Amino acid sequence: MNSFEWIWQYSKKFWKYGVIAIILVIINAATIAINPLLTGKIVDEVIEGGKENLLVPLLLIMIGVTFFRTAVRYCYQLLFERIGQNTLFDLRMDLYQKLQELDFDFFNHTRVGDIMARMTGDTDAIRHFVSWVTYNILEAILWFVIAIIAMGTINMKLMLSLVAVTPIIFILTKKMANESQAAFFEIRESFSRLNSMVEENIGGNRVVKAFAREAYEIEKFNQHNDDFKERNMGAADISKKYLPWLDGLAGSLTLITLLVGGLFVMYGEMTLGELVTFNGFLWMLNMPMRMSGWLVNDVQRFNAASIKIRQMLTTTPSIPVAQSLDQLKIEGHVTFKDVSFHFSDDPTTEVLSHISFSAKPGQTIGILGETGSGKTTLVNLIARFYDASSGEIWIDGKRIEEYPVRQLRENISMVMQDVFLFSNTIQDNIAFGTPEADLGYVSQIAKIADAHGFIASMPEGYQTIVGERGVGLSGGQKQRISLARALAKNPSILILDDTTSAVDMETESKIQQELTKLTGEKTTFIIAHRISSVRDADLILMMSHGKIVERGTHEELIQQQGMYFDVYKKQLGLEEDELKGGAKLG
Ligand SMILES: Nc1ncnc2c1ncn2[C@@H]1O[C@H](COP(=O)(O)OP(=O)(O)OP(=O)(O)O)[C@@H](O)[C@H]1O
């Protein structure tokens, strides 16, 4: 499918507006011939024929025709704009829906700036094409055809001498289109890089300031800015090469008309009035020739934008998000059977290696291990953010792949390591997964997450609007709101990824006490670096380099005197001999 067929799929819904608009374009084009004809009549009959009484009526008709044509043009411009805006509306909707469908894999490999470029600049190029370029092409073709017919009727030989230059124009526009195609792709890519750079700079503005790297960032921006300018200049150079020729050829028509037409008048081949009328049609031939270069550029810009948008729309997520309206309640049995995992872009590095364990509803599984050992990746597999490369994951006696992804995730709540809050009220942030929750429920949950105290002390309480990503809150406050958000959903499987790392030990212990009241029937996974966060877990998995190297309860692991015991020792700040008989102390 080419770009035109593709956009037609979106615009054809509005075909009724399209038909009216095209009829209006035709009416407008058809009436275009009236004024030049009347001008010729004025010359022949009023000036040369002496019928002065005809002058005023003819001028009035010409003014009336001008008004009429302006009104008609205004109407079809509005209609084309409406088609363009409606097309854009549907397209943006499809893009946004696609964004919701795409998985971690896509976002790992696509820059935010690139996505933003598609959602804004590219969609606008599409709107410009539908709303403006289409009717300009239509007008150009109609004017050209009408001009040829009208001029041919007045004097065939003179018309043919003008039309002789059109094959050259056709060849030039075709060459220009071919050359500019690549240039517009490059502009589009450069714009995307510029966008990504700015987006990253804004997102990381605090880091830039903290490291006083403003000058470096400006330099980096300059390079991207310069690249974008150069690529635009490249496209402009192509235009500069062809547009003067196209303009020159269009201008040559006037010369040919005056020269050949003048001779024809002198030799009685045509009247002066006919020559004036003929000359009046000349701009209708000129204009499409002059416009052709610009229209070619617009079409190429549209083509580049449409290819980028279609690439995104046709991306299929590796984990399909099948829609299912059925409610599903998972109990929370989780079993990993010899699961290994590697990221798609690095098949040689096993991030998880032969993981096997089982968890029952009501149990808490603690996951500990050095940084980068695969803890987050392991829990990401439970929510099916990625699929295991080998082995099987079973939930409630069914393979995880058998559940529709959204249904599965409705039963899982995750507090992610990198807390993200929406720029919305605290109440709405907590109730993100449960929009029906009222303030009473939200505050009850916030109490469990030890967030109620600081929220209530804010002047606007639960109605306080937090900034983008939770700006205005401390790290620990954000973590507690994010914990409340996860708890509000009342999931069967609760995953806490380093959830209390930014709160003090006392707050952590308070949260843990409250949590035990709530997690009765849930399967809870707690990823932590502190022993205190997992010591009461039913099963603790100690991870290293993607493998489970130790497993058991706190007491069992202390007895083993292995890696877990070492961490315990360090965190307690005790000497080894003091810890002899660690199980007793544990
Ligand atoms: N999107 C990704 N693409 C490629 N490799 C990744 C990706 N995300 C993580 N990794 C790698 O996978 C390994 C495990 O990462 P993971 O986030 O699971 O570790 P972790 O144990 O949770 O670490 P931490 O305690 O620091 O949060 C790391 O070596 C990391 O570099």
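Sequential numbering from 1, following the chain as shown.
A Cβ is built for glycine as well, from the same backbone N, Cα and C atoms used for every other residue.
Those TrEMBL annotations? Automatic predictions, nothing curated.
As recorded in TrEMBL, the features of this protein are as follows:
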- 19-301: domain 'ABC transmembrane type-1' (DOMAIN)
- 334-570: domain 'ABC transporter' (DOMAIN)
- 14-34: transmembrane segment (TRANSMEM)
- 54-72: transmembrane segment (TRANSMEM)
- 129-150: transmembrane segment (TRANSMEM)
- 156-173: transmembrane segment (TRANSMEM)
- 248-267: transmembrane segment (TRANSMEM)
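Of the candidate ranges 14-34, 54-72, 156-173, 248-267, 14-34 contributes the most Cβ pairs within a distance under 8 Å of the transmembrane segment (129-150).
Long-range neighbours of the transmembrane segment (54-72) within the same chain, counting only residues 6 or more positions beyond its ends whose Cβ lies under 8 Å from a Cβ of the stretch, are 24, 27-28, 31-32, 34-35, 38-39, 41-42, 45-46. Looking just at the domain 'ABC transporter' (334-570), the mean pLDDT is 90.
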